[in-house]
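Remarks on the structure that follows.
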Amino acid sequence: MMKQWKLKEIVLMSIFGVVFAVIYLLFYFFGQGLRNFLTPFGLAPFGYEVIFGIWFIVSIIAAYVIRKPGAAFWSELIAGTVQVLIGSPAGPRLIISAAIQGLGAEVVFAATRYRNFSLYVLVLAGMSAAVFSYAWGWFQSGLAALTPGLIAATFAVRVLSGALLAGLLGKYISDQLAQTGVLRGYALGKELQEKREKEAS
Amino acid sequence: MISSVNPAVKMVAIIIPGVLLSFSFDIFTPLTYLIFIVAFTFLFSSIPVKKWLLVFTPFVFLALGFAWMTTLYTSDSFSGGRVLFEFWWFEITTGGVMVGISLALRSLCFVALSLMFILTTDSTKFMLSLMQQFKLPPKLTYGILAGYRFLPTFKHEFEVLRQAHRIRGVGRAKGVKGRLRQFRRYAIPLMANAIRKAERVAIAMESKGFTGSHDRTHYHHMSVGKKDWVFFASIVGTFFLVVFTSYQLGYLNIFGRQF
Amino acid sequence: MKKRLPNQIPPVQKQPALIRTENLSFDYEKKQSEPLINDVSFSLEEGEVTLLTGASGSGKSTISLCLNGLYPEAVEGYAEGTVYFRGEDISRFEKGVLNQKIGIVFQDPESQFCMVTVENELAFTMENLKVPRKDMAERMDAVLEVTGLTEVKYRAIHELSGGQKQKVALASVLLMEPELLILDEPTANLDPVSSLEFIQLVAKLQQERKMAVLVIEHQLDDWMAYIHRVLALNKHGKLIADGPRDKVFAEYKETLTAEGIHLPKVMEENTQKLGGQTPQFLEPSLSISNLSFKRKERTILQDLSMTLHKGEFVAVAGENGAGKSTLLQLMAGILSPHKGTVTFQDAPLKKWREEELRKHMGFVFQNPEHQFITDTVYDELSFGMKLNGTPEEEMKEKVTELLGHFQLEGHRLNNPFSLSGGQKRRLSVATMLDETPDVLLFDEPTFGQDAKTTDELMSIVLDLKAKGTTIVFVTHDMDLIDQYCETVFVLDKGNLAFSGTPEQLWDKESLLKQARLRLPYRVRQQKEEGDVYDLVR
């Protein structure tokens, strides 16, 4: 399964997982605050939904940088597991949630046979992760207990958030990283290098 | 003792009730199970009560917040019962309150399960047992361990960056655009450094003869024995026992349907 | 006075060589006309200690990874030529086999381990070797004993000191019982005494086990007595010297100097103190009184008082963890003391407005990258001026001047992270100089830098000093202190153990020992000559 992966790619994916586990956890508390803020306006269920996309971002970054089958899935799963290990209030089910979100992003990349990593595909992957996570949340987080109007609205917001905060922001951060030259040994860095050489010639 | 249970088995034993609990919307089921888990934790581990409470207490407040929100926004299929009071455009019903409390208790159950795992498990042994019991590829196992090792260094590096920014005269960020730029200023150097480290560690590991092959000896031999199955049966078995009792007593509520 | 080194008689050579490279070329990218390592042929003999030296960026570290076969495969680089291990082409070895015959200790103590504790890290190596489980404990204890790490067996690696970390790296490599031990600047991040201890440990092991050793180093002095042979690479990745130690340094002296390679101090002319006598400083610039600092109830600094003057070059020395960097951060006002005050130009730091303070005081971090906050070198240099609202024209002029002065003209629009090590160092200093600061603080600025970069940095620093800037260096480099500094403060476990001139410090042997410092080379040499004289008399 990991045969075509280089060790440095795995370590990189794992470090991404660890970094974003910390960021994810910070956003969990940020979301909590956002929700408390929105409660008097009757918009509390949207507290988490608007920033939900951030929880898919590591899938997008890992897949876009490394471009190997499984990158989106494993990186998200690692981020989820590390969150549990450093103490997330969401508990062990987070590992399952992470696996499902990662799978959501992974299927989009798999559908392109890991050949297309354009913005459009990345955004689609973010949205797909959102759809998967909503389906899971239906059982998990008690979304089923909400009123139908709210369900439609929260679903729409989450998908949009996935598109922007995971797809778009993920690409932006990865591209910025590639500019620093540290990704020279990975697929994204190589692509950038080739582009530059073409422009130069 | 819980700390000597095989970590992979422990993880599975905890995930099963962790997932299935999500289907219950009554109070009896999560409450009973929560009491069981807490009792089990203290009976079969040496975790100091004070330490446990210190970690657990903040989550009680989180859970209360969670309960309150759910109470406000419960859909019709759950929000039956008497109207308790109204304010703004909210209508608080007994059904709503019940679901709210249920969700709060459920999330405390998750926390208690997590704590039982985290406070009794060595993360290295957890990964090793995933490799030895669940055949996780060694490349992935040690790759993840190598990445996990950097966790403590991030905090230090973040601190240095904060100081460096101050020296450069970067003030507190204002507005969304400023915040985003600031996020970037931290994220890029942190990640750039992490990427270089990833490369160096991978090379160091390979230069010590690591090939990723399953054919290797094990210093920590992780095994699954009788004790592990007893643990598994207690955690998972008790869960089903609680659900059954709840059903017998007529409390069980799955997705708003009373049984 | 003729300088002497112990004679090193090369061991009797067996055929074939342990390692032989033939026309080895390598680059991280595709084939280029001038690859990073360019057509290099040399051999390493059994039981021999070889030094590989060269300027920064000459591909020294890269070569070691070509020798054990990890490159080019690990980086999908381009490579030409052949490497032989005892006469056999290394590309014929099965994966992982050759790596166990060649052990490498890397430069960065932070990033060469994959496990949390010492015990598990050593176990990792043995598992790779498929050592039977029943033998592991014994072998582990033996290697811990040899490296003096028995007491830290169960500790987390990230809590150990730099010297201990490097010994863990050495221990895990020794478990492989390698035929060739490669040391890639293993002491670059260590304090002077730890560094010497590490070198002596390696020398002892080499003598006992008769393994071949390849040392990659900038700082040659402490290795000199143990080296048989020297290889040198130039900036273009070409081998420019290969031969017995004394012959290379005698015959290639000019070539090596021109390449910016550190020469061993034995070969250099007697280093003189700059300026001769210590000038008198009258005007105080920054003063500290009764300063204490705690971190989580642990006292880091205890009741320090000192005064720095205009145009003074000050060094802060001491063991790792003695509180040097903390003191520097307190001076810069990015930490606040628990007790006592820091006064900068008549006003306590607390009274300074942040923007004003930053204009008058600069701080250069150990890792230059931490200071970079924009996308291009140009933006980096103009950042401070933009904050201060400097007019566009003036700003452009100033940036152009800085680019010129720091030899960064060609990199105006490059990303700061993509620069070379030396360029990053220069840029990090340049970002502090949009206005000439009154005090400039440096945290270990010469770590792991080659001779040329260090020289460049020192000339910039001396320039500023002449303009009246107070310079403060936190450093382990005793030779640098001896050569440039007027005042030294020595910290020992949070206390100010010494303040005075370097000359005064060199006389206090017990203090130096206690603070894990060493005499600079010049003074050691003088003492040795004195000893000889005593014997003769």
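Even glycines carry a Cβ here, placed using N, Cα and C.
Remote same-chain partners of the transmembrane segment (B:12-45), defined as residues 6 or more beyond its termini with a Cβ less than 8 Å from a stretch Cβ, comprise 1-3, 52, 78, 98-99, 101-103, 105-106, 108-110, 112-117, 119-120, 231-232, 234-236, 238-239, 242-243, 245-246, 249, 251-256. Here TrEMBL flags B:12-45 (among others) as transmembrane segment.
Long-range Cβ contacts of the transmembrane segment (B:52-75) within its own chain (Cβ-Cβ under 8 Å, at least 6 residues beyond either end) map to 41-42, 90, 92-93, 95-97, 99-101, 103-105, 107-108, 111-112, 115, 119. Positions annotated as transmembrane segment by TrEMBL: B:52-75 (among others).
For B:95-119 (among others), the entry in TrEMBL reads transmembrane segment. Within the chain carrying the transmembrane segment (B:95-119), a Cβ under 8 angstroms from the stretch's Cβ atoms is held by residues 2, 10-11, 14, 17-18, 21-22, 24-27, 30-31, 33-34, 37-38, 40-41, 45, 47, 51-52, 55-56, 59-60, 62-64, 66-72, 74, 78-81, 84, 253, all 6 or more beyond its ends.
Through the fold, the transmembrane segment (B:229-249) approaches residues 2, 5, 9-10, 12-14, 16-17, 20-21, 24, 26, 28-29, 32-33, 36, 40, 259 of its own chain, all at least 6 residues removed from its boundaries and within a Cβ separation under 8 Å. Marked as transmembrane segment by TrEMBL: B:229-249 (among others).
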